[in-house]
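Everything below concerns the one structure shown next.
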Amino acid sequence: MRRFFENIPKDLWRDYGWQIKNRLKTREDIQKYIKLLPEEVEGIERTKGIYPLAITPHYFSLIEPEDPNDPIRLQCIPRREEVDENAQRLGEPDPFREEGQVPGLTHRYRDRVLLSVTTFCAVYCRHCMRKRIFAQGERSRSTEELRKMIEYIKEHEEIRDVLISGGEPLSLSYEKLEYLLSQLRKIKHVEIIRFGTRLLVLAPQRFFDNKLLDILEKYSPIWINTHFNHPKEITEEAEEAVERLLRRGIPINNQTVLLKGVNDNPQTMLELFRGLLRIKVKPQYLFHCDPVKGAVHFRTSIDKGLEIMEYLRGRISGMGIPTYAVDLPGGKGKVPLMPNYIINREGDKFTFRSPFGDVVEYEITDV
Ligand SMILES: *Cc1c(COP(=O)(O)O)cnc(C)c1O
């Protein structure tokens with residue numbers, strides 16, 4: 001589609017470096033292409049120095065300029081709500097207590113560890129759960145800091161799964177990626193490595209780079225957790241990037257966040273999950289939006305999430321239905337939520353309701 005950038009030659013458009021170098025970062029950059037709303041102008045001015053602004057041409061080109069509530073626009077252009085009194089009062093910078101003893105490392109679940117390796121992102125999502133880290137500017141961890149994380153993992157034999165996140169972890173240099181992955185692979189108890197990356201959505205051109213793919217393939221098994229929120233984000237480029245990753249043996253799971261005004265309706269979600277299955281990406285989680293300072297205006301009710309889950313069942317394969325989960329405050333973990341299909345129970349005698357509205361009595365005994 002490539003709206004606004006029709007004149008950019010194809011080889012530049014397909015180049016990740018070009019996408020990053022040409023990010024839109026100011027009010028003036030954006031106004032070259034679209035007319036800003038008053039609440040956006042105020043948002044851009046008042047978030048200066050608090051929450052950064054950057055949008056890749058790829059992501060920006062998905063905006064429908066005539067729609068003030070375009071779902072892409074809402075995710076990448078700041079609005080007044082990020083800094084108004086409500087937003088600041090209702091949210092916390094770090095509701096999940098991610099900050100621990102080793103900087104950038106969170107060890108909440110026994111077998112898994114989360115690493116935040118950079119504060120750089122291709123696009124700064126307005127709903128980001130780690131908005132707090134971006135005040136530090138765009139900076140990746142030094143080799144020394146990475147070494148401390150690796151030391152910790154070495155000392156904790158219960159860790160089998162390392163989730164590398166950021167910021168955008170796949171923005172690290174080849175050298176740092178090689179260092180991190182080769183060191184992790186030397187640790188016997190580390191079985192799988194995952195990257196939490198949104199580049200498939202924000203700059204899928206990253207995966208047109210064989211040198212990066214060579215590195216990822218070399219340290220298999222590697223998984224990708226990505227973050228599609230809306231069917232419009234499933235572009236031709238994203239589809240090509242997924243294909244290239246799968247050919248290198250890298251499976252991709254998706255984590256959607258339920259966002260008011262962006263995707264909080266059942267039909268949009270159905271279209272999103274159908275689209276993801278079509279490009280061979282598995283919807284893994286649907287997260288309830290967290291009470292993060294600067295992002296609370298995206299929150300909806302739990303009822304909305306349950307309504308969506310209810311709608312999906314029966315309309316799409318179970319493969320396309322993610323686990324709806326809410327992250328508990330204070331770092332207490334993720335809780336899965338489901339519509340209730342048991343209407344009544346007396347001992348082993350259950351009364352179920354089916355996804356099609358039938359009421360079914362069913363006795364299930366352990367023989
Ligand atoms: C979500 C999360 C994980 C990974 O959880 P999965 O259910 O395995 O995807 C690991 N560590 C922390 C701190 C998390 O918040």
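Glycine residues also receive a Cβ, built from the backbone N, Cα and C atoms like all the rest.
Taken from TrEMBL, the feature domain 'Radical SAM core' applies to 107-322.
Take the CB of Cys125 ([4Fe-4S] cluster binding site) and look out to 10 A: across all protein chains shown you find 22 other CB atoms. Under the three-state DSSP scheme, Cys125 ([4Fe-4S] cluster binding site) falls in the coil class. Marked as [4Fe-4S] cluster binding site by TrEMBL: Cys121, Cys125, Cys128.
Taken from TrEMBL, the feature N6-(pyridoxal phosphate)lysine applies to Lys334. A strand conformation is recorded for Lys334 (N6-(pyridoxal phosphate)lysine) in the three-state DSSP classification.
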For the domain 'Radical SAM core' (107-322), the mean pLDDT of the predicted model: 97
Set of same-chain residues at least 6 away whose C-beta sits under 8 angstroms from Cys121 ([4Fe-4S] cluster binding site): Ala54, Cys128, Phe134, Gly166, Gly167, Glu168, Ser171, Arg198, Leu202
Cβ neighbour count within 10 Å of Lys334 (N6-(pyridoxal phosphate)lysine): 16
